[in-house]
Amino acid sequence: MDGRTRKHYMIGVVRVASEVDAIQNNNKGWMRIQRFLATLAITVSILLGNGNPVQCFDGGSHQKQQHSLCEELIIPYGYPCSEHTIQTKDGFLLGLQRVSSSSSLRLRNDGERGPPVLLLHGLFMAGDAWFLNTPDQSLGFILADHGFDVWVGNVRGTRWSHGHISLLEKKKQFWDWSWQELALYDVAEMINYINSVTNSKIFVVGHSQGTIISFAAFTQPEIVEKVEAAALLSPISYLDHISAPLVLRMVKMHIDQMILTMGIHQLNFKSEWGASLLVSLCDTRLSCNDMLSSITGKNCCFNESRVEFYLEQEPHPSSSKNLKHLFQMIRKGTYSKYDYGKLKNLIEYGKFNPPKFDLSRIPKSLPLWMAYGGNDALADITDFQHTLKELPSTPEVVYLENYGHVDFILSLQAKQDLYDPMISFFKSSGKFSSV
(Lines of atoms letter the chains of each structure in order from A and count residues from 1; the text may use other names and numbers.)
(Lines give C-alpha, C1' and ligand atoms only; values in the text may rest on other atoms or scores of the structure.)
Protein backbone atom coordinates (compact mmCIF):
# COMPACT_ATOMS: atom_id res chain seq x y z
CA MET A 1 0.00 0.00 0.00
CA ASP A 2 1.58 3.31 -1.09
CA GLY A 3 1.65 6.49 1.02
CA ARG A 4 -1.37 8.07 -0.70
CA THR A 5 -3.51 4.95 -0.27
CA ARG A 6 -2.38 4.61 3.34
CA LYS A 7 -3.34 8.21 4.01
CA HIS A 8 -6.82 7.71 2.56
CA TYR A 9 -7.23 4.54 4.59
CA MET A 10 -6.35 6.37 7.79
CA ILE A 11 -8.75 9.19 6.95
CA GLY A 12 -11.45 6.58 6.47
CA VAL A 13 -10.74 5.12 9.91
CA VAL A 14 -10.98 8.59 11.43
CA ARG A 15 -14.30 9.29 9.70
CA VAL A 16 -15.73 6.03 10.99
CA ALA A 17 -14.58 7.00 14.50
CA SER A 18 -16.34 10.35 14.18
CA GLU A 19 -19.58 8.74 13.02
CA VAL A 20 -19.49 6.17 15.82
CA ASP A 21 -18.83 8.97 18.30
CA ALA A 22 -21.87 10.93 17.09
CA ILE A 23 -24.12 7.87 17.35
CA GLN A 24 -22.76 6.65 20.68
CA ASN A 25 -22.39 10.01 22.43
CA ASN A 26 -24.95 9.19 25.11
CA ASN A 27 -23.95 5.56 25.47
CA LYS A 28 -21.56 4.37 28.16
CA GLY A 29 -19.72 2.22 25.63
CA TRP A 30 -18.78 5.00 23.22
CA MET A 31 -15.36 5.63 24.77
CA ARG A 32 -14.45 1.97 24.54
CA ILE A 33 -15.28 2.02 20.82
CA GLN A 34 -13.15 5.12 20.30
CA ARG A 35 -10.22 3.52 22.09
CA PHE A 36 -10.50 0.51 19.81
CA LEU A 37 -10.56 2.65 16.67
CA ALA A 38 -7.60 4.74 17.84
CA THR A 39 -5.70 1.52 18.55
CA LEU A 40 -6.64 0.23 15.10
CA ALA A 41 -5.37 3.42 13.46
CA ILE A 42 -2.04 3.18 15.27
CA THR A 43 -1.65 -0.53 14.56
CA VAL A 44 -2.40 -0.20 10.83
CA SER A 45 0.02 2.71 10.56
CA ILE A 46 2.78 0.74 12.29
CA LEU A 47 2.23 -2.31 10.09
CA LEU A 48 2.06 -0.35 6.85
CA GLY A 49 4.19 2.69 7.58
CA ASN A 50 7.27 1.16 9.29
CA GLY A 51 7.94 4.38 11.21
CA ASN A 52 9.33 6.43 8.34
CA PRO A 53 9.85 10.10 9.19
CA VAL A 54 7.41 12.69 7.87
CA GLN A 55 7.94 16.38 7.38
CA CYS A 56 4.63 17.40 8.91
CA PHE A 57 1.28 15.93 9.90
CA ASP A 58 -0.22 15.64 6.42
CA GLY A 59 1.12 12.26 5.36
CA GLY A 60 4.06 13.64 3.36
CA SER A 61 7.30 11.72 3.67
CA HIS A 62 10.75 13.11 3.18
CA GLN A 63 13.55 13.33 5.70
CA LYS A 64 15.71 16.45 6.03
CA GLN A 65 19.45 15.91 6.05
CA GLN A 66 20.81 16.06 9.59
CA HIS A 67 23.43 18.67 10.50
CA SER A 68 24.57 19.84 13.90
CA LEU A 69 22.48 22.47 15.66
CA CYS A 70 25.36 24.95 15.42
CA GLU A 71 25.61 24.41 11.64
CA GLU A 72 21.85 24.39 11.13
CA LEU A 73 20.59 27.46 12.96
CA ILE A 74 23.31 29.43 14.75
CA ILE A 75 26.55 29.81 12.75
CA PRO A 76 24.68 30.93 9.60
CA TYR A 77 23.65 34.08 11.51
CA GLY A 78 27.28 34.84 12.37
CA TYR A 79 27.29 33.66 16.00
CA PRO A 80 30.25 31.59 17.25
CA CYS A 81 28.97 28.16 18.31
CA SER A 82 30.68 25.00 19.52
CA GLU A 83 29.30 21.49 20.05
CA HIS A 84 29.84 19.61 23.33
CA THR A 85 28.89 16.07 24.36
CA ILE A 86 28.38 15.07 27.99
CA GLN A 87 27.58 11.70 29.56
CA THR A 88 24.94 11.22 32.24
CA LYS A 89 25.33 8.82 35.16
CA ASP A 90 23.04 6.34 33.40
CA GLY A 91 25.02 6.46 30.14
CA PHE A 92 23.13 8.87 27.87
CA LEU A 93 25.17 11.16 25.61
CA LEU A 94 23.68 14.64 25.57
CA GLY A 95 24.39 17.43 23.11
CA LEU A 96 25.21 20.88 24.48
CA GLN A 97 25.88 23.92 22.31
CA ARG A 98 27.86 26.93 23.53
CA VAL A 99 26.87 30.17 21.83
CA SER A 100 28.32 33.67 22.06
CA SER A 101 28.15 36.90 20.13
CA SER A 102 31.22 38.22 18.28
CA SER A 103 30.17 41.78 19.02
CA SER A 104 29.76 41.18 22.76
CA LEU A 105 33.11 39.36 22.97
CA ARG A 106 34.87 42.33 21.37
CA LEU A 107 33.39 44.63 24.02
CA ARG A 108 34.85 42.58 26.87
CA ASN A 109 38.46 42.53 28.04
CA ASP A 110 40.56 39.87 26.25
CA GLY A 111 37.48 38.16 24.80
CA GLU A 112 36.33 37.08 28.25
CA ARG A 113 32.89 35.49 28.27
CA GLY A 114 29.99 36.68 30.38
CA PRO A 115 28.05 34.67 32.97
CA PRO A 116 26.78 31.26 31.81
CA VAL A 117 23.09 30.66 31.18
CA LEU A 118 21.56 27.22 30.47
CA LEU A 119 18.46 26.99 28.25
CA LEU A 120 16.12 24.03 28.90
CA HIS A 121 13.51 23.31 26.23
CA GLY A 122 9.97 21.93 26.45
CA LEU A 123 8.35 18.59 25.64
CA PHE A 124 8.78 17.38 22.03
CA MET A 125 11.25 20.20 21.48
CA ALA A 126 15.03 20.57 21.72
CA GLY A 127 17.66 23.29 21.85
CA ASP A 128 16.62 24.63 18.43
CA ALA A 129 13.49 26.05 20.10
CA TRP A 130 15.52 29.06 21.28
CA PHE A 131 16.65 29.97 17.73
CA LEU A 132 13.56 29.53 15.53
CA ASN A 133 12.95 33.23 14.88
CA THR A 134 15.31 35.96 13.71
CA PRO A 135 18.27 36.97 15.93
CA ASP A 136 16.43 40.01 17.27
CA GLN A 137 13.43 37.83 18.24
CA SER A 138 15.02 34.59 19.53
CA LEU A 139 16.08 34.32 23.17
CA GLY A 140 19.27 32.35 22.48
CA PHE A 141 20.63 35.08 20.20
CA ILE A 142 19.38 37.93 22.42
CA LEU A 143 21.14 36.54 25.49
CA ALA A 144 24.38 36.17 23.52
CA ASP A 145 24.10 39.76 22.29
CA HIS A 146 23.77 40.87 25.92
CA GLY A 147 27.09 39.21 26.73
CA PHE A 148 25.86 35.96 28.29
CA ASP A 149 27.74 32.70 27.78
CA VAL A 150 24.81 30.75 26.35
CA TRP A 151 24.63 26.97 26.81
CA VAL A 152 21.87 25.15 24.97
CA GLY A 153 20.56 21.97 26.59
CA ASN A 154 19.17 18.96 24.68
CA VAL A 155 17.71 16.15 26.78
CA ARG A 156 18.04 12.45 25.96
CA GLY A 157 16.13 11.15 22.96
CA THR A 158 16.13 14.44 21.03
CA ARG A 159 17.83 14.67 17.65
CA TRP A 160 20.61 16.97 18.89
CA SER A 161 21.71 14.47 21.53
CA HIS A 162 23.84 11.46 20.68
CA GLY A 163 22.33 8.24 22.00
CA HIS A 164 23.76 6.04 24.73
CA ILE A 165 27.10 4.42 25.48
CA SER A 166 25.65 0.89 25.10
CA LEU A 167 21.90 0.97 24.32
CA LEU A 168 20.63 1.18 20.76
CA GLU A 169 17.84 3.65 20.07
CA LYS A 170 15.55 0.89 18.79
CA LYS A 171 15.71 -0.95 22.14
CA LYS A 172 12.99 -0.62 24.77
CA GLN A 173 15.57 0.10 27.48
CA PHE A 174 16.78 3.19 25.61
CA TRP A 175 13.36 4.80 26.17
CA ASP A 176 12.86 3.65 29.77
CA TRP A 177 12.78 7.11 31.34
CA SER A 178 10.51 10.04 32.13
CA TRP A 179 11.03 13.68 33.13
CA GLN A 180 12.21 12.35 36.50
CA GLU A 181 15.46 11.17 34.89
CA LEU A 182 15.69 14.37 32.83
CA ALA A 183 15.73 16.35 36.09
CA LEU A 184 17.97 14.13 38.20
CA TYR A 185 20.44 13.03 35.51
CA ASP A 186 20.29 15.28 32.43
CA VAL A 187 19.93 18.67 34.11
CA ALA A 188 22.34 17.63 36.86
CA GLU A 189 25.04 16.69 34.34
CA MET A 190 24.50 19.81 32.24
CA ILE A 191 24.90 22.06 35.28
CA ASN A 192 27.92 20.13 36.57
CA TYR A 193 29.64 20.32 33.20
CA ILE A 194 29.00 24.03 32.64
CA ASN A 195 30.12 24.77 36.20
CA SER A 196 33.34 22.82 35.67
CA VAL A 197 34.11 24.60 32.38
CA THR A 198 33.23 28.14 33.51
CA ASN A 199 33.98 27.89 37.25
CA SER A 200 30.85 29.94 37.78
CA LYS A 201 27.30 29.58 39.03
CA ILE A 202 24.73 29.26 36.25
CA PHE A 203 21.58 31.11 35.29
CA VAL A 204 18.83 28.73 34.17
CA VAL A 205 16.00 29.43 31.73
CA GLY A 206 13.27 26.83 31.25
CA HIS A 207 10.10 26.59 29.19
CA SER A 208 7.25 24.13 29.81
CA GLN A 209 8.82 20.70 30.49
CA GLY A 210 12.04 22.64 31.02
CA THR A 211 10.40 24.18 34.09
CA ILE A 212 9.09 20.83 35.37
CA ILE A 213 12.61 19.41 35.37
CA SER A 214 14.10 22.66 36.72
CA PHE A 215 11.80 22.68 39.75
CA ALA A 216 12.61 19.02 40.45
CA ALA A 217 16.36 19.59 40.03
CA PHE A 218 16.26 22.63 42.32
CA THR A 219 14.94 20.44 45.17
CA GLN A 220 18.30 18.62 45.11
CA PRO A 221 20.95 20.51 47.17
CA GLU A 222 23.90 19.22 45.13
CA ILE A 223 22.34 20.68 41.95
CA VAL A 224 20.82 23.95 43.14
CA GLU A 225 24.00 25.07 44.90
CA LYS A 226 25.49 25.69 41.43
CA VAL A 227 22.54 27.82 40.23
CA GLU A 228 22.68 31.63 40.43
CA ALA A 229 19.03 32.35 39.53
CA ALA A 230 16.28 30.95 37.30
CA ALA A 231 13.73 32.35 34.84
CA LEU A 232 10.81 30.04 34.10
CA LEU A 233 8.44 30.51 31.14
CA SER A 234 5.03 28.81 31.39
CA PRO A 235 6.09 27.28 34.73
CA ILE A 236 4.64 23.87 35.56
CA SER A 237 4.78 21.67 38.61
CA TYR A 238 1.09 20.74 38.76
CA LEU A 239 -1.09 19.84 35.77
CA ASP A 240 -4.50 18.89 37.14
CA HIS A 241 -6.27 22.02 35.82
CA ILE A 242 -5.10 21.96 32.21
CA SER A 243 -7.78 22.87 29.67
CA ALA A 244 -6.18 21.74 26.38
CA PRO A 245 -8.92 19.78 24.53
CA LEU A 246 -6.67 17.38 22.64
CA VAL A 247 -4.56 16.59 25.71
CA LEU A 248 -7.65 15.99 27.84
CA ARG A 249 -9.03 13.73 25.13
CA MET A 250 -5.82 11.68 25.11
CA VAL A 251 -5.87 11.44 28.92
CA LYS A 252 -9.51 10.31 28.93
CA MET A 253 -8.83 7.68 26.28
CA HIS A 254 -5.73 6.42 28.17
CA ILE A 255 -3.64 6.82 25.02
CA ASP A 256 -0.48 6.62 27.16
CA GLN A 257 -1.35 3.17 28.44
CA MET A 258 -2.50 1.98 25.02
CA ILE A 259 0.80 2.97 23.42
CA LEU A 260 2.91 1.25 26.08
CA THR A 261 0.73 -1.87 26.00
CA MET A 262 1.30 -2.08 22.24
CA GLY A 263 5.06 -2.05 22.83
CA ILE A 264 5.65 1.49 21.53
CA HIS A 265 8.31 3.12 23.68
CA GLN A 266 9.57 5.93 21.44
CA LEU A 267 6.99 8.67 20.89
CA ASN A 268 7.93 10.28 17.59
CA PHE A 269 5.32 12.45 15.89
CA LYS A 270 7.53 12.78 12.82
CA SER A 271 7.00 9.07 12.12
CA GLU A 272 4.00 8.02 10.06
CA TRP A 273 2.32 6.23 12.94
CA GLY A 274 2.84 9.24 15.22
CA ALA A 275 1.30 11.61 12.71
CA SER A 276 -1.59 9.18 12.20
CA LEU A 277 -2.17 9.03 15.95
CA LEU A 278 -2.72 12.78 16.07
CA VAL A 279 -5.02 12.65 13.07
CA SER A 280 -7.01 9.78 14.61
CA LEU A 281 -7.66 11.83 17.75
CA CYS A 282 -9.33 14.62 15.78
CA ASP A 283 -13.02 14.42 14.95
CA THR A 284 -15.89 16.73 14.06
CA ARG A 285 -15.70 18.38 17.49
CA LEU A 286 -11.94 18.98 17.36
CA SER A 287 -10.61 20.33 14.09
CA CYS A 288 -7.17 19.11 13.06
CA ASN A 289 -6.67 22.49 11.42
CA ASP A 290 -6.56 24.04 14.86
CA MET A 291 -4.41 21.31 16.39
CA LEU A 292 -1.82 23.64 17.92
CA SER A 293 -4.43 25.67 19.81
CA SER A 294 -6.10 22.46 20.95
CA ILE A 295 -2.82 21.52 22.66
CA THR A 296 -1.36 24.83 23.81
CA GLY A 297 -4.25 27.28 24.04
CA LYS A 298 -4.77 30.21 21.68
CA ASN A 299 -1.43 31.82 20.87
CA CYS A 300 -1.56 35.52 20.17
CA CYS A 301 1.69 36.53 18.68
CA PHE A 302 3.76 33.96 16.82
CA ASN A 303 4.39 34.24 13.09
CA GLU A 304 2.03 31.79 11.38
CA SER A 305 3.87 32.25 8.09
CA ARG A 306 6.86 30.44 9.65
CA VAL A 307 4.96 27.32 10.73
CA GLU A 308 6.43 25.27 7.88
CA PHE A 309 9.93 26.26 9.01
CA TYR A 310 9.10 25.45 12.65
CA LEU A 311 7.96 22.00 11.58
CA GLU A 312 11.28 21.38 9.87
CA GLN A 313 12.78 21.33 13.38
CA GLU A 314 9.89 20.24 15.60
CA PRO A 315 8.64 17.99 17.05
CA HIS A 316 11.48 15.96 18.56
CA PRO A 317 11.00 12.46 20.00
CA SER A 318 10.29 11.70 23.62
CA SER A 319 9.47 8.49 25.47
CA SER A 320 6.04 6.97 25.94
CA LYS A 321 6.92 6.57 29.63
CA ASN A 322 7.46 10.32 29.83
CA LEU A 323 3.99 10.93 28.39
CA LYS A 324 2.51 8.51 30.92
CA HIS A 325 4.27 10.32 33.78
CA LEU A 326 2.80 13.64 32.62
CA PHE A 327 -0.65 12.08 32.34
CA GLN A 328 -0.26 10.72 35.88
CA MET A 329 0.23 14.32 37.02
CA ILE A 330 -2.98 15.36 35.24
CA ARG A 331 -5.05 12.50 36.64
CA LYS A 332 -3.74 12.57 40.21
CA GLY A 333 -2.91 16.23 40.74
CA THR A 334 0.56 15.35 42.03
CA TYR A 335 4.13 16.49 41.43
CA SER A 336 5.82 13.19 42.21
CA LYS A 337 8.15 10.58 40.82
CA TYR A 338 6.86 8.03 38.32
CA ASP A 339 4.12 5.78 39.67
CA TYR A 340 4.87 2.13 38.82
CA GLY A 341 2.03 0.71 40.89
CA LYS A 342 2.17 -0.23 44.55
CA LEU A 343 4.32 -3.36 44.29
CA LYS A 344 7.01 -1.92 42.01
CA ASN A 345 6.88 1.39 43.90
CA LEU A 346 7.79 -0.58 47.00
CA ILE A 347 10.78 -2.05 45.16
CA GLU A 348 11.87 1.23 43.57
CA TYR A 349 11.13 3.70 46.37
CA GLY A 350 10.61 1.61 49.51
CA LYS A 351 7.01 2.80 49.81
CA PHE A 352 3.65 2.16 48.15
CA ASN A 353 3.27 5.68 46.71
CA PRO A 354 5.92 7.52 44.69
CA PRO A 355 7.77 10.26 46.61
CA LYS A 356 6.77 13.82 45.77
CA PHE A 357 9.16 16.52 44.66
CA ASP A 358 8.86 18.94 47.57
CA LEU A 359 8.95 22.52 46.29
CA SER A 360 9.54 23.78 49.82
CA ARG A 361 13.06 22.31 49.54
CA ILE A 362 14.01 24.87 46.88
CA PRO A 363 16.18 27.37 48.77
CA LYS A 364 14.47 30.62 49.68
CA SER A 365 17.69 32.37 48.68
CA LEU A 366 17.40 31.25 45.02
CA PRO A 367 16.10 34.21 42.95
CA LEU A 368 13.19 33.14 40.74
CA TRP A 369 11.45 34.99 37.89
CA MET A 370 8.33 33.49 36.30
CA ALA A 371 6.10 34.42 33.38
CA TYR A 372 2.69 32.90 32.67
CA GLY A 373 -0.17 33.57 30.24
CA GLY A 374 -3.93 33.93 30.38
CA ASN A 375 -4.46 31.76 27.27
CA ASP A 376 -2.04 29.01 28.27
CA ALA A 377 -4.00 25.74 28.25
CA LEU A 378 -1.11 23.72 29.73
CA ALA A 379 0.39 25.97 32.42
CA ASP A 380 -2.98 26.84 33.95
CA ILE A 381 -3.32 29.85 36.25
CA THR A 382 -4.82 27.73 39.07
CA ASP A 383 -1.93 25.27 38.90
CA PHE A 384 0.54 28.16 38.79
CA GLN A 385 -0.98 29.62 41.97
CA HIS A 386 -0.61 26.16 43.57
CA THR A 387 3.09 26.23 42.69
CA LEU A 388 3.54 29.70 44.17
CA LYS A 389 1.94 28.63 47.47
CA GLU A 390 4.43 25.78 47.90
CA LEU A 391 7.56 27.79 47.14
CA PRO A 392 9.36 29.21 50.19
CA SER A 393 10.32 32.38 48.29
CA THR A 394 8.27 35.06 46.53
CA PRO A 395 9.29 35.03 42.86
CA GLU A 396 9.08 37.99 40.53
CA VAL A 397 6.05 37.35 38.31
CA VAL A 398 5.04 38.56 34.85
CA TYR A 399 1.49 37.91 33.65
CA LEU A 400 0.59 38.28 29.95
CA GLU A 401 -3.14 37.92 29.49
CA ASN A 402 -3.13 37.14 25.77
CA TYR A 403 -0.19 34.71 25.71
CA GLY A 404 -0.62 31.02 24.95
CA HIS A 405 1.91 28.29 25.68
CA VAL A 406 3.96 28.68 22.50
CA ASP A 407 4.06 32.49 22.59
CA PHE A 408 6.67 32.37 25.35
CA ILE A 409 9.32 31.13 22.90
CA LEU A 410 7.94 32.18 19.50
CA SER A 411 6.07 35.47 20.04
CA LEU A 412 7.20 38.28 17.78
CA GLN A 413 6.80 40.61 20.78
CA ALA A 414 8.61 38.35 23.26
CA LYS A 415 11.71 40.55 23.43
CA GLN A 416 9.91 43.52 24.93
CA ASP A 417 7.24 41.47 26.73
CA LEU A 418 9.56 38.87 28.29
CA TYR A 419 13.22 38.77 27.39
CA ASP A 420 14.18 42.34 28.28
CA PRO A 421 12.57 42.05 31.77
CA MET A 422 14.20 38.62 32.21
CA ILE A 423 17.64 39.99 31.39
CA SER A 424 17.12 42.90 33.79
CA PHE A 425 16.23 40.35 36.48
CA PHE A 426 19.40 38.35 35.80
CA LYS A 427 21.55 41.46 35.88
CA SER A 428 20.06 42.44 39.23
CA SER A 429 20.62 38.93 40.61
CA GLY A 430 24.20 38.16 39.60
CA LYS A 431 27.67 39.58 39.08
CA PHE A 432 27.36 41.74 36.01
CA SER A 433 29.94 44.45 36.47
CA SER A 434 31.44 43.75 33.04
CA VAL A 435 28.27 42.90 31.07
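Along the chain as shown, residues are numbered 1 onward.
Each residue, glycine too, has its Cβ placed from N, Cα and C.
Here is what TrEMBL says about this protein:
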- 71-133: domain 'Partial AB-hydrolase lipase' (DOMAIN)
- 139-400: domain 'Serine aminopeptidase S33' (DOMAIN)
- Ser208: active site, nucleophile (ACT_SITE)
- Asp376: active site, charge relay system (ACT_SITE)
- His405: active site, charge relay system (ACT_SITE)
- Other CB atoms within 10 A, centred on His405 (active site, charge relay system): 29
- Task: Round to the nearest Å and give the CA-to-CA distance linking Ser208 (active site, nucleophile) with His405 (active site, charge relay system).
- Result: 8
- Other C-beta atoms that fall within 10 angstroms of the C-beta of Asp376 (active site, charge relay system): 29
- Query: Any idea what the model's mean pLDDT is for the domain 'Partial AB-hydrolase lipase' (71-133)?
  - Reply: 91
- Message: Treating G and I as helix alongside H, and B as strand alongside E, what does DSSP give for the domain 'Partial AB-hydrolase lipase' (71-133) in helix, strand and coil?
- Response: 21 helix, 20 strand, 22 coil
- Between His405 (active site, charge relay system) and Asp376 (active site, charge relay system): CA-CA distance (Å): 5
